[in-house]
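The following features are taken from TrEMBL:
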- 1-624: domain 'Myosin motor' (DOMAIN)
- 93, 94, 95, 96, 97, 98, 99, 100: ATP binding site (BINDING)
- 501-523: region 'Actin-binding' (REGION)
- 817-929: domain 'TH1' (DOMAIN)
């Protein structure tokens, strides 16, 4: 958001902003948004077409760019291309807010902007199919989201929710052909596809197996399978022996020193082992699919390449009953929110202080205390949960809860209630604890925490899976190999998740981050319904209010002096092509030569800060135009160099040929003289030749040779003249033979007429009057006038008006204003602040009859009394310039923010305008007293 557009009240502004997002765009599909610092708030709207791709990739200003998440993707692509830095687009928000859809739209934009080569098209198709395939195996319907990213829900789901999509697709047969096509595009063979579907079917069949408790002879409890036919079908799918798999599911091998004891499992233990096997089968299959897809879409590396990633994580969840799954998901959101907060709020303000920028700190809530409470070693919730899972003997959720109560006693962000613990809040259910997350307070029920975190697959089941004839199972269960001697206990689910989150945070910290904040408008999953209380709650906990406050007072773009000078040095003749002094001095000269107000820039210790996005867009546009001019200059110099090199080569060749020909001519003349002397010697007996006769013969021969050479020269001159005339008429690169002949014939006819008139002038008698003298300057003037007329015929009305303005400016300022030459190539805009599009101005100008704006820009007013530049400061010490407007009826001076008219002078009262002839921009308006 531009600083000028931010309303005085942040809350009122955000309220009007969010309401406008759902009033302006009618469609319920697609994604759009509004910039807030480096983030974008999104909502649904029709998707972007390829026509807009160039707009988002080349900084070209468009009203559409400020309302679309495509702009975030465009910024990431530009940074990757121009700065050669790793980029990452982070999509955050609640569950059901549209994160997956936003990530899909960003991926679509990147695919459209990646070119149209054959290899690129194949990669785009693989990326699209990979998304569909991963959604089928990794997403499920929840209470708040029909397509939510899930884990650990193979064996149980909350009421009203469903399992992963792939199970329903396999049972109903829907989309199986589409999934098979996706597999094939990603490089899976038909055998691989069948093997994947067999494992999915075996998970479904394993879930149907039920156990009946029995009593053993020794008094222990055992079990039997009530529906053995289901187990037979599982064995057929995975290629296992019935007895081996049945024994592994009903019993367990225990180690007692050096002895192995086979112990029967009770019905509940066998059910738990069956569920563990189902979850292990599906989770490892999903991991294998992800690795195969990553290999399929992995680009060929040619040297060190930079990457652009899209992060779409679980959304924050808060249900009536929250368990281990919601705890892990919300922990992931806490870590991600910590990264976003430190990047957009903490590091931003720290950088201002570090660079010496005048700044008033803005307070914000940091959730680091909640993250430490969850992941801290030895005292965190996950550490205490692992401690309970790793101990031998009976495992209990209540023991874990009692340890949590002791550790979190007195912590304001965690409340625990269990048996024997007193608590002031009677609304907290028993065996529950409550965490104050950044997005709200969530109550978790610890029932099942220990079992879900432990989730250990017995070695007997791993070995039974490894012995199966199914080719994938040996890859999915490598620990079942009898030759492996490692008995190391696998890490718990919480530990694995914490390690993955830490790796993700480290990966994000080394990349330039772009944020898309998804706002859920209502809980009904319906379009066109806007619940203000829900939206305001999301805006608060996402820290968008603090982000807007920092954006209002801060800067949207910053770059080190050396990098800024390297990127924009071509915009100033002082810094182009090289600058050998201090970079900060070069940047100051560069900014001084730009037609941008100096208030848009701030100088830090090592970086230059730019206040508004509009200034960045203008800099990029200036740079693009200048690069085009430099490209034309390089082309011109290269073509000149190439033609001169060709000319020098031809000249050298001509010199060599001429030298060889002269040598040959001299040798031939010498040879002829020798022959002539011999002939004269032999015929001397017939007739005697004197020395004079011999020299006459040689002189005659030399004259003949000279005449012959002169004719050859005249012939060569004619050939060269004809080719030169053809080159001048048709141009250097005229390869159309027919067109060349036609032009040459026309030129030849004009030359014939010219030669005729010249001969006629010489043959006229003395009695005829001599023709009038031809004025060459007159014909040149006529020719220039005709060329200007032909050039003006190509103008439309806009170009005609622009040329008329330029001619008028030339008459007034040429040779009178020093800075005139610098402004010739820049077209006049008049309204430099887009005042005509401002709604508040449209209402105010009707009352004063100032609808027709001739000129509008930000100026510095010079006080008449002291002669000093008038500078106005607010409470935050922000520079507030004055808005100067010149209409057809009056001259106005307004407040930039409120557009309140401070002075209005009718045009009839202004009788003279004075300008300084120097490089400054001082203008004096003379008004009648």
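The backbone N, Cα and C atoms fix where each Cβ goes, glycine too.
Note that the structure is predicted; figures quoted are calculated from it, not measured.
Within 8 A of the CB centroid of the ATP site residues 93, 94, 95, 96, 97, 98, 99, 100, the other residues of that chain are 145, 315, 518, 520. Long-range Cβ neighbours of residue 93 (ATP binding site) (same chain, at least 6 residues apart, Cβ-Cβ under 8 Å): 99, 315, 316, 517, 518, 519, 520, 538, 542. For residue 96 (ATP binding site), the same-chain residues lying six or more positions away in sequence with a CB closer than 8 A to its CB are 142, 144, 145, 148, 315, 520, 525. Summed and averaged per residue, pLDDT over the region 'Actin-binding' (501-523) gives 87. Here the region 'Actin-binding' (501-523) has, by DSSP, the following mix of helix, strand and coil residues: 9 helix, 7 strand, 7 coil.
Around residue 100 (ATP binding site), taking its Cβ as the centre, 20 other Cβ atoms fall within 10 Å, counting all chains. Of the binding-site residues 97, 99, 99 has the largest number of other Cβ atoms within 10 Å of its own Cβ. Here the Cβ of residue 98 (ATP binding site) has 25 other Cβ atoms within 10 Å, regardless of which shown protein chain they belong to. Remark: secondary structure over the domain 'TH1' (817-929) totals 19 helix, 41 strand, 53 coil, with classes taken from DSSP. In this view, residue 94 (ATP binding site) is surrounded by 25 other Cβ atoms within 10 Å of its Cβ, with every protein chain counted.
The Cβ of residue 95 (ATP binding site) lies under 8 Å from the Cβ of 142, 144, 145, 148, 314, 315, 316, 317, each on the same chain and at least six residues away in sequence.
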